[in-house]
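According to TrEMBL, the features are:
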- 9-32: transmembrane segment (TRANSMEM)
- 68-88: transmembrane segment (TRANSMEM)
- 100-120: transmembrane segment (TRANSMEM)
- 154-174: transmembrane segment (TRANSMEM)
- 186-203: transmembrane segment (TRANSMEM)
- 208-226: transmembrane segment (TRANSMEM)
- 246-267: transmembrane segment (TRANSMEM)
- 575-597: transmembrane segment (TRANSMEM)
- 609-627: transmembrane segment (TRANSMEM)
- 639-659: transmembrane segment (TRANSMEM)
- 671-691: transmembrane segment (TRANSMEM)
Amino acid sequence: MLGFLKEPVILTVEINMNVMVLTLMGLISRLWRLSYPRAVVFDEVYYGQFVSLYMKRIFFVDDSGPPFGHMLLALGGYLGGFDGNFLWNRIGAEYSMNVPVWSLRLLPALAGALCVPLAYQILVELQFSHCAALGAALLILLENSLITQSRFMLLESILIFFILLAVLAYLKFYNLQKHSSFSGSWWFWLLLTGVACSCAVGVKYMGLFTYILLLTIAGLHFWHVIGDQNLSNVSLMCHFLARTLALIVIPVAMYVSFFYVHLTLLYRSGPHDQIMTSAFQASLEGGLARITQGQPLEVAYGSQITLRNVLGKPMQCWLHSHTNTYPIRYENGRGSSHQQQVTCYPFKDVNNWWIVKDPGMQQLVVSNPPRPVRHGHIVQLVHGITTRYLNTHDVAAPLSPHSQEVSCYIDYNISMPAQNLWRVEIVNRESDTDVWKTILSEVRFVHVNTSAVLKLSGASLPEWGYRQLEVVGEKLSKGYHQSMVWNVEEHRYGKSLEQKEREVELHSPTQMDISKNLSFMAKFTELQWKILTLKNEETEHKYSSSALDWITMDTNIAYWLHPTSSAQIHLLGNVVTWTSANVAALVYVCLSLWYLVRRRRKIYDIPEDAWQLWVSAGGICVGGWAVNYLPFFGMEKTLFLYHYLPALTFQILLIPIVLQHISDHLCRSVLLKSMFTALIVAWFSSVYFVYSTFSPVTYGEPSLSVTELKDLRWKDSWNILIRKQ
């Protein structure tokens, strides 16, 4: 039984030296003097703030995309022992000694370095020669813009890494499909495709473009599998389910898990809380949670409440009133009701408190047992401090004349009766008997007499309204826009019968002993919606550009300038590579159209296997360029040159594909092949020359003289920084 021990155990390992050498070269090019400069470089000022918040477990929202990329940057800080204590307030600020610069920049640099061997492997899996694959890897290696972007605490190199990993994994899976379906390797590469796609989308939503491309290609390939008569219906179903699991179910589950980790790590209240709902804020440690913890859950007649508008724009605010009245006449000559002002106030204030009153009873305290308010009930809202009733009527609002004025009713005895009945409509209820709940319920108040809905218009009132936000009665309401929705944030059961005692009660903090928490899925849904819909005010940036500027690289970005010398770092591409990539794409399209027309005429210029190789390579490279570039023409956001880098990477991969095709199929004589080879050598030498020439502004050293800097300005549109002498 132990006979197998008579022979030695031999382990044979195959090492691809091309991959090893390319990986080493990539690491050297991206990791060399990674801590230089020891100062904040361009968007590090942006991402560094999030890293600090991760270190301190403080919640934040970044409307630029999902949290996975931020978590990877924070992982670098965690591994380096960063405590989060650094003020990321300006580009060029020197890092203090507690900031592990090398560690923070490590993961983007590693991702950028690994893109070099990935490019090699992708062309090998596309069935191109090792020489062409080596060329693609070297072009990625010597691309100045990719080097610059990967050497700092930025996300593009991580995004490109996961995109290329997804493409490579799918190609390996597809090549295994022909002879070893459902093997261990087949499952590994299929699952890795889905995982890499999910990671790409989790870093930036731009990763969704490549994910959709791979799903489309996988769908086309599966369509061909369906046509295989050798496969039974059961086998086809297994193929379909395997692809669905690996390419849809697992990526979606992973994407949700990124948010789960994000929300688990960031459990403390912070500066971004205010854009979230009260329920979300109350789930965080500190902040609103300290105020609202343990409040009564069910709103009852006699409850004292504050009402926060759900929209949160242009800022969070609470329904508010004060003793001042609307002016008799506005600046444009229109008259008002001269009633007590009702506004939305962006600060905590005792005048934000309201009492929920039963119209059929006079008491302003909660009975024993409490009588909860339900969906559809009619209530009156009494302002806590002034005891006047929330009212609206057919008088034009001060800044929104198409809407009704909202006020607190004053009886001037001028034939203007009170109209202060409101119907409570719980927007997010599960049934028509749902109880109005603190924090959790989102409520509309519909005026009984006019059917107008209490709404935040968002307009800022003049000085007579203390610049507070206008509240109106919206006459024509369709749907449930968030500006019409309110939720109870602070809540207590009123006990004081006398007004003076009630005022003391309203000034006291709310404290009880029960906590309310949202489920993870509720928080995930809200946070995802905020990321997709919340947009910062876009302002024109000095280095912003249009998508058309990227193709010809008519723009650059100055990332950093040494405080005393002329040393500087720019996001600038290798001009020869960018131009060659454009030419390669044009040649590919023209040749493809030529071949298609000729094939339509039954003229086959190249063998069928070469044609299939040509088409599949174009689907990946040209398709990858198109889906990562063309969508920017429809985006209403500030664009920068680095947005083009994923598309550029696919375009660079196309260059050696076109060159090999020309050499193999268009250069039909030995002389032509020799001349074309010599031309490629000369061209590649120029690629290296440009890389070397611009390396001082890629790595930030050595410092160049004014004359040398001016010589680098190959285009008038490039902004090379020249210090004034």
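Cβ coordinates come from backbone N, Cα and C, glycine included.
Keep in mind that what you see is a predicted model, and the values were worked out from it rather than measured.
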For this session: Flag the pair the transmembrane segment (609-627) / the transmembrane segment (9-32) as in contact if three or more Cβ pairs fall under 8 Å (sequence separation 6 or more).
Result: no
Seminar exercise, completed: The recorded stretch from 154-174, 246-267, 575-597 sharing the largest number of CB pairs under 8 A with the transmembrane segment (208-226) is 154-174
Exercise. Who are the long-range neighbours of the transmembrane segment (575-597) in its own chain, taking Cβ under 8 Å and residues 6 or more past its ends?
Worked result: 139, 142-143, 551-553, 605-606, 611, 614-615, 618, 621-622, 625, 648, 651-652, 654-655, 657-659, 661-662, 683, 686-687, 689-690, 714
